[in-house]
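Okay, so here's the structure we're looking at.
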Amino acid sequence: MTLRLFDTETRALRDFAPLAPGHASVYLCGATVQGDPHIGHVRSGVAFDVLRRWLLAHDYDVAFVRNVTDIEDKILNKAAEAGRPWWEWAATFERSFTWAYQQLGVLPPSVEPRATGHITQMVEMMQRLIDNGHAYAAGGDVYFDVRSYPRYGSLSGHKLDDVHQGESAGECKRDPRDFTLWKAEKPGEPSWPTPWGRGRPGWHLECSAMAEFYLGAAFDIHCGGLDLVFPHHENEIAQAKCAGDDFAQYWLHNGWVTMGGEKMSKSLGNVLSVPNVLKKVRPQELRYYLGSAHYRSMLEYSDTALDEGAAAYRRIESFVMRTQERAGEVTIGRWTDAFARALDDDLAVPAALAEVHGKVREGNIALDGGDLEGARAIASQVRAMLGILGVDPLDEHWTQETADASAATDALDVLVRAELERRQTARAEKNWAVADEVRDRLIRAGIEVTDTPNGPEWSLKAGQ
């Protein structure tokens, strides 16, 4: 395995050489749990899940950390607007994100730390920064002195002279570009004690402290969305380096999901929530779609593109399932060399999928020609490749989902048929009011009823 990854900091493809042979340490900036996840949020989870699976497939021991930002201005503001405690608001949407990742078959992280659980580590890092002359306390706040770090801007390419003032003007700042490590206590906001007064952490400090705590002063890969390069990741580097850490050796960033050429964003109002999209397609089809573009590319959303992605996945799935039906059990084999070359080339999933589809065409020819053993051998290869991409249709995650859905449908069938029998009885008695009331209630529940010569049949409306 010679895995090459595009490192944002050096702007070049680099051979992956872990700090410890056979071990890989990865930090992914997770969710700020201010609201329901949209498909732009979960793209990073899907993209870097493929990286993790590829490392695991090559027998790496992978420590994968994905944090939860559960204290932040937007969380506090939205909770206050809704009249709910901030911690309840954060916990509610943390569960929403966990559900979304689980639905899409994203492997759970090795650890998923919350910012509020690591205040001690943040205070310790701030103390080191102050002791090293890179931070200062003023008016209850603590600021990072950007001029004290000559390499500020190395990740993003921003020159310090071109950087505008930080997130707030801050009357106590030495330089308007200095950013906040710690925010002084405000009435009605949560706060924690520090040597510089009560307050709460700044967003950038949270990730640096948690990455160091779980992965050490130096670790292999830091991942996140392209929008995090500046200022978030730039500030993470500055904090960590000035606190004495070597920090991340590789920086990987995924592109956005866009609509009409604009980044999907709550502030723009152009978001598609994961639950709503899952009314249109199955979870594995959404995952396939989100993962089908190169992780560094922008993914322009449209209903047509989503439908095409779902149809492409169903063609692959159909081959695997038909083969298992006709040729017997399809075990997981070995991926092809072309597939491996694609993923080793900066996780080039489009090229990897081209190989998968080529194998599916080859397998369908074998299957239709009666070469069952040949078809089964190809299906085994396809399963291996799909497993790395997280969409193997015979994987327990997806088969259990199908079984659960089938059980739910069976239970629903019992209830609906009881209502249909009630409707049939009412019609036989010419009690049209009751018959219409049953029909209308089923329609409101998203159930369509078709009267056939063999009696009424029901189905869920599309998107239910």
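Quick reminder: no glycine exception, Cβ is built from N, Cα and C everywhere.
Owing to the predicted nature of the structure, the values given are computational and were not obtained by experimental measurement.
DSSP assigns Cys207 (Zn(2+) binding site) to a helix. Summarising the annotation, Swiss-Prot assigns Zn(2+) binding site to Cys29, Cys207, His232, Glu236.
Outside the motif ''HIGH' region' (31-41) by six or more residues, the chain places 68-70, 72, 74-75, 78, 89-94, 96-97, 100, 203, 256-257, 263-266, 271-275, 277, 286, 290, 301 with a CB less than 8 A from a CB of the stretch. Annotation source Swiss-Prot lists motif ''HIGH' region' at 31-41.
Here the motif ''KMSKS' region' (263-267) is broken down by DSSP into helix, strand and coil counts: 2 helix, 1 strand, 2 coil. Annotation source Swiss-Prot lists motif ''KMSKS' region' at 263-267.
Marked as ATP binding site by Swiss-Prot on the basis of sequence analysis: Lys266. Counting every protein chain shown, the Cβ of Lys266 (ATP binding site) has 15 other Cβ atoms within 10 Å.
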Predicted model, mean pLDDT over the motif ''KMSKS' region' (263-267): 81
Lys266 (ATP binding site) versus Cys29 (Zn(2+) binding site) - Cα distance in angstrom: 18
Between Cys207 (Zn(2+) binding site) and Lys266 (ATP binding site), the C-alpha gap once rounded to whole angstrom: 22
Same-chain residues at least 6 apart in sequence whose Cβ lies under 8 Å from Glu236 (Zn(2+) binding site): His204, Cys207, Ser208, Ala211, His222, Phe247
Euclidean distance between Cα atoms of His232 (Zn(2+) binding site) and Lys266 (ATP binding site), Å: 19
Those binding-site residues listed as Cys29, Cys207, and which of them has the most Cβ atoms within 10 Å of its own Cβ: Cys207
